[in-house]
Amino acid sequence: MLSYISAAFQSPSPDEGVQQRPPRYVGEDTTPTSRREILGWYSYGIAAEVFAVCGVGSFLPLTLEQLARERGTLQTSRLPCVGPSAGNSTNATEHGQCVVPVFGLEINTASFAMYTFSLAVLIQALTLISFSALADYENNRKTLLMVFGFAGALASMLFVFIAPPLFVIGSILVVVGVTCLGSSFVVLNSYLPVLVANDPSLQEGKADDGTEMSSFDRDEGDSEGNPWGKDHTDNDSLDGLQPSDQPQSSLEGGMGTKAPLSSSPELQLSTKISSRGIGLGYCAAVFVQIISIIMLLTLSKTKLAKVSATLPMRFVLLLVGIWWGAFTLVTRNLLKTRPGPRLDTVSTKGTGRWRAWLRLVGFAWKSLWETVKVVSKLREVLIFLVAWFLLSDAMATVSGTAILFARTELKLSTPLIGLLSITATLSGMTGAFLWPQVSRYFRLQPSHTIILCIALFEMIPLYGLLAYIPFIKNWGVFGLQQPWEIFPLAIVHGVVSGGLASYCRSFFGLLIPPGSEAAFYALYAATDKGSSFIGPAIVGGIVDATGQIRSGFFFMAILIVLPIPLVWMVNADKGRREGLAMAETLGKSHGGPAEDAQEAEGLLARE
């Protein structure tokens, strides 16, 4: 492992400056992808995934809710929610819900956190779409990655200064952090096609055994110092989507003009790099989460916790921000700029440059709309996107609600919530590897596997609703009445989420017209981000009306089950045939294929 860390401080190899293929545009960097670059790409995943898991998934919603709670009052008695004069009862119905004034309105403190994250996701979606074309030009790709990375890290670090009277500013920092997180990941993924395209193995041919080897694998060789060992999971993510006795070509519509997606050397290499990056990011997140729990346990015994219950969590967010910024700096040193074509060949200075940027923003939205018009003619794709719209909203709603429910209803301590996050994260990693095996063993169709995941996901809100049954409520256990009950549900949530994330994306890929992957994945990502703000906002409104988060489980139970009939209706074979026919139509309308043309993928296509 030390050999990999030391790469950050080594000088680039002289061979890295040698152009290996003719450039497609003036200024294109076609030098071979080096081990340093791959490590730089991994490094940012290690940096930002920590904020995604430890910040967004754990301590940010808790900190925001607690900051508001320390400024809030009980709605009925008007006693402070926190302090010596606060009510001793933990039952919110006895003294009324804890509310805080925000812009003249009284909002439940848990709803305040949910509204904030809902707004953050909405702004993130608008940002992703607007910047989708800009990053493909000049040095914008690396510039945007650094801007988003350092700005997000700074937003996390600044939480250490956010005292309860400044809780509204804390919500602004959440919006900035979440927006930078999502945007930076998409920019990072936009590097992947460039790194793969310039990999020496794809330019020089195949290895002696006929298999593709990336430059990173060449550097590793058979050395015993390889910290990740041999990679036996190089198959594309489409593997396991079909029963073992069903040929992959059955989804190709019999065209036979192109190799199956999973046999593409570029896609195999891209999948290998991506899967390793995700794994390293999750490992880093678990590592920092463990450190965070130790910090919380230590700081809770000091005078800091007596000043404000948020201080230990704010110091954890400081640590998370420092980690994010430090590894972003490593990425800055290792990752090449890899510039795109010039933004404006006529005028690149002054107002002309700004006009060019605005045109690209407009182009991004226009491209998205053009894709929507094409999708409207593809019935199977349209049905699946509607299902994905509902499903992604349900996943975001359950994730955001669970943390606040654990804190406000189950009274879980902050370290235990950190442990809850670790449980869900490790379960998600397990689920990503488990579901392909389950699918092969039971010979499940892709849609059946997705439906099975959704059915298991439905267990979470249904289990929480058991507490409304009188005799179960009298037992005082089951139906999420005891803190320990949420941990088995966290395992279910993690395993199901890991399967849904990978299977839905791969299944959608089977329906895409060949040659339009970038545009359709842009719409897929926009559908994800564009829907994920609705559910949390609705649950926030329900909590405001009822004073209890548990009442939001009714809405979540309905939201989760809605995609099932839609997924069942999708015919993958028919969708693939429609996609191939549409690809032929689009090819004719654009004057035939243009294999040598530059692919304008856009940011959203790589998420």
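Note that Cβ sites are derived from N, Cα and C of the backbone, with glycine treated the same way.
According to Swiss-Prot, the protein carries these features:
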{"type": "REGION", "residues": "9-31", "note": "region 'Disordered'"}
{"type": "TRANSMEM", "residues": "44-64", "note": "transmembrane segment"}
{"type": "CARBOHYD", "residues": "ASN88", "note": "N-linked glycosylation site"}
{"type": "CARBOHYD", "residues": "ASN91", "note": "N-linked glycosylation site"}
{"type": "TRANSMEM", "residues": "111-131", "note": "transmembrane segment"}
{"type": "TRANSMEM", "residues": "143-160", "note": "transmembrane segment"}
{"type": "TRANSMEM", "residues": "161-178", "note": "transmembrane segment"}
{"type": "REGION", "residues": "203-263", "note": "region 'Disordered'"}
{"type": "CARBOHYD", "residues": "ASN235", "note": "N-linked glycosylation site"}
{"type": "TRANSMEM", "residues": "277-297", "note": "transmembrane segment"}
{"type": "TRANSMEM", "residues": "310-330", "note": "transmembrane segment"}
{"type": "TRANSMEM", "residues": "381-401", "note": "transmembrane segment"}
{"type": "TRANSMEM", "residues": "415-435", "note": "transmembrane segment"}
{"type": "TRANSMEM", "residues": "450-470", "note": "transmembrane segment"}
{"type": "TRANSMEM", "residues": "484-504", "note": "transmembrane segment"}
{"type": "TRANSMEM", "residues": "521-543", "note": "transmembrane segment"}
{"type": "TRANSMEM", "residues": "552-572", "note": "transmembrane segment"}
{"type": "REGION", "residues": "585-607", "note": "region 'Disordered'"}
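Residues of the same chain lying 6 or more positions beyond the ends of the transmembrane segment (381-401) and with a Cβ under 8 Å from any Cβ of it are 57, 61, 114, 117, 121, 375, 454, 457, 460-461, 493, 497, 500, 504, 507-508, 511-512, 520, 523-524, 527-528, 530-536, 538-539, 549, 552, 555-556, 559-560, 562-563, 566-567, 569-570, 575, 578-579. The transmembrane segment (44-64) makes no contact with the transmembrane segment (521-543), as judged by fewer than three Cβ pairs under 8 Å among residues 6 or more apart in sequence. Of the ranges 111-131, 415-435, 450-470, 521-543, the one with the most Cβ pairs under 8 Å to the transmembrane segment (552-572) is 450-470. Between the transmembrane segment (310-330) and the listed ranges 143-160, 277-297, 415-435, 450-470, 521-543, the one holding the most Cβ pairs under 8 Å is 143-160. Note: the stretches the transmembrane segment (111-131) and the transmembrane segment (415-435) are not in contact (fewer than 3 CB pairs below 8 A, sequence gap of 6 or more). When Cβ-Cβ distances below 8 Å are used as the criterion, the transmembrane segment (415-435) is approached by residues 53-54, 57-59, 62, 233, 240, 279, 282, 285-286, 289-290, 292-293, 296-297, 300, 403, 406-407, 449, 453, 483, 486-487, 490-499, 501-503 of the same chain, each at least six residues removed from its ends. A Cβ distance under 8 Å defines the sequence-distant neighbours of the transmembrane segment (277-297), meaning residues of its chain 6+ beyond its ends; these are 41-42, 45-50, 52-54, 58-59, 312-313, 315-316, 319-320, 323, 414-415, 418-419, 421-422, 425-426, 428-429.
Beyond the transmembrane segment (521-543), the same-chain residues lying 6 or more positions past its ends with a Cβ under 8 Å from any Cβ of the stretch are 108, 110-112, 114-115, 117-122, 124-125, 128-129, 132, 182, 186, 367-368, 371-372, 375, 385, 388-390, 392-397, 400-401, 505, 508-509, 512, 549, 551-552, 555-556, 559, 602-607.
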